[in-house]
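One structure, as structure tokens, below. Some questions next.
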Amino acid sequence: MLRAYRSSEVAAAERPLIEAGVPLMERASFAVSTAVARELKARGHRVAGSRILVLAGGGNNGGDALYAGAYLARRGAIVDVACPAGNVHEGGYAAAIDAGCRTVADDELATAARAAGVWIDGLAGIGLRPPLRDPLASVVAMLETERATSPDEPIVVAVDCPTGIGVDDGGVSGPVLRATVTVALAVAKPGLLAPPASRFCGRVEVVDIGLSVPGLPAVAALGGSDVADVLRVPDATDHKYTRGVVLLGTGSAEYPGAAVLTAGGALGGGAGMVRLDSPDVASLVLRTYPEVVTGMGRAQATVIGSGVPATDVDRLRGPLDRALAENYPVVVDAGALSLLKDGYEDLPSTAVLTPHAGELAELLSARGEGLTRSDIEAAPIRAVRLAATVTGATIVLKGGTDVIAGPDGPVYAQPARSHWRATAGAGDVYAGLLGALLAGAGEDLARAGRGYGQPALLAAAASWLHAEAAHSDGPIRAGQIAERLPAAIAQALRG
Ligand SMILES: NC(=O)C1=CN([C@@H]2O[C@H](COP(=O)(O)OP(=O)(O)OC[C@H]3O[C@@H](n4cnc5c(N)ncnc54)[C@H](OP(=O)(O)O)[C@@H]3O)[C@@H](O)[C@H]2O)[C@@H](O)CC1
Ligand SMILES: Nc1ncnc2c1ncn2[C@@H]1O[C@H](COP(=O)(O)OP(=O)(O)O)[C@@H](O)[C@H]1O
Ligand SMILES: [K+]
């Protein structure tokens, strides 16, 4: 699991170590130099003879970059050092010069940037309060133009974070120096995991510098082994009912395929049984999935709304109210979200809403919170937190990175592995899959009651599996994502 902590929490954890003389900057800069060497090696280059540009701001982030430049110069790299902020970390600068680095004047920076195969971004780290001001804003804009027009893209190694991102809120409010790899010191930061800032980070590597941050992370991203920990694996005592029954109120005469796709998601996600309560589309679903049982009956999780137009959602009130009354999890997707615009004031966290940004904007505005779709896309962490607080429910904001929050606990940010996933029906598969994971835990969730963080964790696990199943180098259909879910589960369990 990648755990991200806010800059104030990192700074507070760092303070006693620095006072005790623990050489954090030495460790951080060594880790950065190692990451640079590894990037060069991966492209068939050696450190010795490589041209490297250190971009150093006036704070400790610049210090890290300068000491890293010194290490690399000692290994034979040709290292240029640019300090465009007007001030510089003195110890780092002295070390760099001592190791043979060359200082680049401001008017030589573009030429030095073009000549270098690697840029080390130490302009600003967790001390940055965005948006970036001049002169750094102009420097970053110039470097981005340089990169866009250069025939050989440089490897950009960001120290702690790409300069310019909203480290704590994941926002992007001005120029950002896009990274190839971000070397996160000690822990990740929210902006490294959550969009839109995370889109500027490249690969995120967290390096151990002997600093741990206490408490729950603000944002987390599950990996395969975390998913394995929350999956319910059947044993010799299980049968179809104990594994979890998913009831689907999905699909309609207008959108019949959504019922097929949610059923595929639920079956592929390991439901013990899938029941379908959508008579209009039952024969179509049975043709693809004869395993599905039609009609009402007991279920440990309910999925409603995928492929159900607003004109037809009233029939879903019954299954929704029943799930809420019995405290069983319910996934409220697509058309069924419109039911929540009126009433349903205080939902439990076992109600999991799966809007895309447009649907979330509508839901929030019905609840008196005037956020537009673009406000939500610009600040998804804030939007899901707000929606979870206002509704009481667990929110899955679907997109290139799924951003998930319950009324308490961390926000989860689960990235797609391939953007070919953005295809019609992929969300239906997700809803069914999530139904299966919730059904597996349904009895426990029903007993645990309100405010319980597990639904968000299960939704994050569903996002990981969905991303894995949708991983593709070319176009993929939603039905194929459903078919690949069993392999994704097997992969998580293999570790
Ligand atoms: N945590 C750890 O474990 C360790 C942390 N370490 C490192 O310390 C870093 C944090 O260092 P930090 O606190 O000195 O701040 P930093 O990121 O260099 O930024 C401050 C500079 O940015 C500037 N600046 C600010 N806002 C700006 C704006 N809008 N536009 C333009 N400029 C702006 C600000 O200028 P000022 O506002 O003061 O004029 C100042 O010059 C951290 O990310 C990591 O790399 C490691 O060395 C050791 C272990
Ligand atoms: N840019 C993107 N890259 C990868 N996945 C995406 C992107 N945008 C959306 N997705 C995913 O595609 C799915 C789309 O769901 P949704 O909008 O509900 O579509 P539908 O209703 O057609 O199924 C979601 O699982 C979402 O996470
Ligand atoms: K940086």
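Each residue, glycine too, has its Cβ placed from N, Cα and C.
Here's the feature list from TrEMBL:
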- 60-64, 125-131, D160, A258, G307, H356, D428: (6S)-NADPHX binding site (BINDING)
- N61, D121, T163: K(+) binding site (BINDING)
- G427: AMP binding site (BINDING)
- 10-217: domain 'YjeF N-terminal' (DOMAIN)
- 223-492: domain 'YjeF C-terminal' (DOMAIN)
Of the binding-site residues N60, N61, G63, D121, D160, T163, which ones put their CB under 6 Å from ligand 2?
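If the test is a Cβ under 6 Å from any atom of ligand 2, the answer is none.
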Within 10 Å of the Cβ of G427 (AMP binding site), how many other Cβ atoms can be counted across all chains shown?
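Here the count is 26.
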Given H356 ((6S)-NADPHX binding site) and D121 (K(+) binding site), what distance in Å do their CA atoms have, once rounded to a whole number?
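On Cα coordinates alone, these residues lie 34 Å apart.
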Would you mind reading off the Cα separation of R129 ((6S)-NADPHX binding site) from N61 (K(+) binding site), to the nearest angstrom?
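With distance taken Cα to Cα, N61 (K(+) binding site) is 13 Å from R129 ((6S)-NADPHX binding site).
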List the binding-site residues D121, H356, G427 whose Cβ sits under 6 Å from any atom of ligand 1, in sequence order.
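Checking each Cβ against ligand 1, none of them comes under 6 Å.
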Within 10 Å of D121 (K(+) binding site) (Cα-Cα), which of the binding-site residues N60, G63, G427?
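Within 10 Å of D121 (K(+) binding site): none of them.
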Report the same-chain neighbours of G63 ((6S)-NADPHX binding site): residues 6+ apart in sequence with Cβ closer than 8 Å to its Cβ, ordered by sequence.
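The list for G63 ((6S)-NADPHX binding site) reads M25, S29, A56, H89, G91, G92, G122, given in order along the sequence.
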Just to verify: the residue among D121, D160 with the fewest other Cβ atoms within 10 Å, which of the binding-site residues is it?
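Sparsest of the binding-site residues D121, D160 by Cβ contacts within 10 Å: D160.
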On the three-state reduction of DSSP, what should I expect for H356 ((6S)-NADPHX binding site)?
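Going by the DSSP assignment, H356 ((6S)-NADPHX binding site) falls within a strand, counted as strand.
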If the criterion is a C-beta within less than 6 angstroms of any ligand 3 atom, which of the binding-site residues N61, G63, D121, I126, R129, T163 pass it? List them in sequence order.
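List returned for ligand 3: N61, D121, T163.
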